[in-house]
Amino acid sequence: MALYVWGKNCALSMAATEREKTVVYPTLMEHFGSEVVTDYAAGDNHALAVTEFGDVYSWGRGKDGELGHGDPRDDQPVPLKIKGLQEHIVNVACGNIHSMATTITGHVYMWGLLHDEGPPTSTPDDNESSSSGMLMGMAEVRASTQNDPILARVVRDAEAAYREGTNEVSDFEQGVDKMTEHRHRQSVPRLATSLIGHFITKVSAGAGHNLALSANGEVFSCGYNEHGQLGLGHANTVSSFQLILSLQGLFVHDIVCGHQHNLAQVQLDGISRCFTWGLGALGQLGHGTRRSFATPRHVQGIAAAIVSVGAGSHHSVAVDEDGIVYTWGHSEYGQHGVAMAGHDLNDAREFFVPRKQQTLATTAPIVSVCCGSHYTLATGRDGRLYSWGWNTYGVLGVGHFLTTTAPQPIDKLNGYTIARVMAGCNQSGAIVDCMGAPHAMRFRRLIVGDHSSKRYDLALTVPTAVKSSLVHWVFLKARCPYLFGYCRAAVAAAPQLCGADHVPVVQVHFPDLPMLDSPVLKAILVYLYTDRLDIAIHKVAAVKEVAKVFALVHDLPFSIACKRTVGKQPGLAHMLNENAPLGHCTLTLHVALLDGAMRYAVGATLWSRQVVVVRTGHDDRGADPRVRRRLV
C-alpha cells in the first residue's frame, strides 16, 4: 500500500507562500519507500501516517507538541518516527493542534495541546472559547477572500447569521457566554487512562474535542464542549473521556468529528441511522434549525440504511446503502456539489436538512465519503475518487485552483485500487494498492528526485531533453537487456562521451520513435526500478510504441496497470485489445519480478562494485546482518 497526498503541504516551512504549499495533484509520499502505509490523518498544519508494523510517523508544524517527538519544533519537513509510541498502532486522528492514536490492544494515546488528565509537561496555554464568537474553521477561507468583495461578503453574512441566531440556540447555551480553559503542551504521547478497561477501535478529533469508539459500540468524549459537542447534555469542558449515556443501548458503528459537531452511524431498530450533535448554527446537524444540541439526535429524511458518514468544518455528508449521497449544513463554498455556488446564497436554510446529491445520484453510486474543512471526497463503486467544494490549497486534487461545485473524478488516481481515503482540514490522502513487489519502491529514490548525493554510473538522454536521467548499469542489465545492449554498444563506439564524474552519457535516439521524449523515457525507467507504472494518460500510446522497440513483452503487472488506466478513459480504449483477458493485453512489458531479475543479473555478470540491500526489518541500523539480503 502506498500513500498519495495532495492539498496543503505541511512539510514546508510556515513562512512558505500559499502557492508553494499547494499540491494540486495526488502525489506519492516517496519517503515511505517500500513500507506499507495503513492509515493517515492530517490536522491544520501537521500530519500522521501509520505503517503495517504499527509505527507512526509525523511531519509538519510541531510547536505545540502535536508531532509527539518530545521537543516542540516549528517545522518537521519529512516524516519522522514517533519513538514514544512503543505499542502497535492501528488508527490515528488529528485535531487542529493535537493528535491521537489507537493501539492494536485497544489503548489510546494523545499528544499536542491537551486538556490535561495529569500534571502538565510544560508551560500552560490559556485558551478562550466563546459561544458567541467567530465560527471556528473559517480563518483560512476568510483570508482567501481578501481580494474578492463578493466572497468576503458571503463570509461576513454567514458569521452574522451565526451570531444573530439567538432565537434558535438551545437552552444549555444560554448564559454560557465565555469559558476560559487551560490546555497544556504534551510533547510526547500520553496514555488516556480514563479509557483503560475499554477496547477502543477508532478515535476521531475535532478542533478541540475528541471521540473514541469501543469494540462494543459505545462512544466516549472529552475536550472543549462550548456547543455541546461532547454529547454529555451540558456545556462544560471535560478533560477525561466520559461515556455518552444517551447512546447507551444503541450500537454505534462509526464516528466522525467536524470542527464543533459530530456524526455517528448508529444501529436503530435494526437499521443503521445517522445521529448528530454539537454546534448547529449553520444547519450542520441536519435538523432544520440553527439550534445546537448537547445530546445525539437522529437525523430524519434518509430512508435507507446509512453505510458511511463524513463531517467537514460546518457541513455533513452521509451515504446510504443504495450509494446515494446526502449533504447538509454550511453551503456557501460548494460543499453540497450544486451547479452554482451562488445558488446556495438565496436560501441558506435549503441545506439545514439532508439533500440528495443529484449529480452523483445519476452517475456513480458511492460507497464511502470523508470531508475536509470545506470540501468532500467520495469513493465510487467504480473505484474512482470524486471531489467537490472549496479548492483552497488544491484539496480537490484536480490540478487547478478553481472551486468545483459539481463532483468530478480525480483522474490522477485512475488505474489504482483505492484502499482508503482520508481528508484533513486542508490536506487529503489516499492509500492505494500498488502493483509489483513492495520492496521495489525502495529503489525509486535512485531514479527520482535529487541525484546530488546518489551514486550512478550511466546517464541517459533523448534529443529533446533538457537534462539527463541518471541510472545504473545493473538495473538495465537485469530489467531491460535490449536497452542495456544499446547503451553498451553506444559507449563502446564513443568512449569519450562522458559527463560529470566521468559517467558515460548515452543519447537514446530512434528515428522511428519521435514520441520518445523525457516523460516517456522516465516512465519506463521508473517502472524498471520499481515495478510500477506512473504516466499521464495521453502518454500511454507513446509508452506502447517504445515498449515494442525495447522488446519489453509479457509483463503482467504492467498489463494490468495499462488496462485499468486506459479502460477508464473514453477514446483511449483502442490502445489495448479490450477483448483479450486481463493480463494478455496488446501493451505489455517484459521482466520477471524485480527480485528475481536482480539476482539473475548478479549471478550472470561481475557487478562487484554494485551493492543493493533490501530491508526486511524495521531498521537496518544495528539490525542482525542475517536479515539483510545482498543482491549484488
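Using the three backbone atoms N, Cα and C, a Cβ is placed for every residue, glycine included.
TrEMBL has this to say about the protein:
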- 456-537: domain 'BTB' (DOMAIN)
- 1-53: repeat 'RCC1' (REPEAT)
- 54-105: repeat 'RCC1' (REPEAT)
- 217-268: repeat 'RCC1' (REPEAT)
- 272-322: repeat 'RCC1' (REPEAT)
- 323-382: repeat 'RCC1' (REPEAT)
- 383-434: repeat 'RCC1' (REPEAT)
The repeat 'RCC1' (383-434) versus listed stretches 1-53, 54-105, 217-268, 272-322: most Cβ pairs under 8 Å: 1-53
Within the predicted model, mean pLDDT of the repeat 'RCC1' (54-105): 94
Counts by DSSP class (helix H/G/I, strand E/B, coil) across the repeat 'RCC1' (323-382): 14 helix, 19 strand, 27 coil
Secondary structure composition of the repeat 'RCC1' (54-105) [DSSP: H/G/I, E/B, coil]: 0 helix, 28 strand, 24 coil
Composition by DSSP (helix, strand, coil) of residues within the repeat 'RCC1' (383-434): 6 helix, 25 strand, 21 coil
Summary of DSSP states over the domain 'BTB' (456-537), given as helix, strand and coil counts: 37 helix, 12 strand, 33 coil
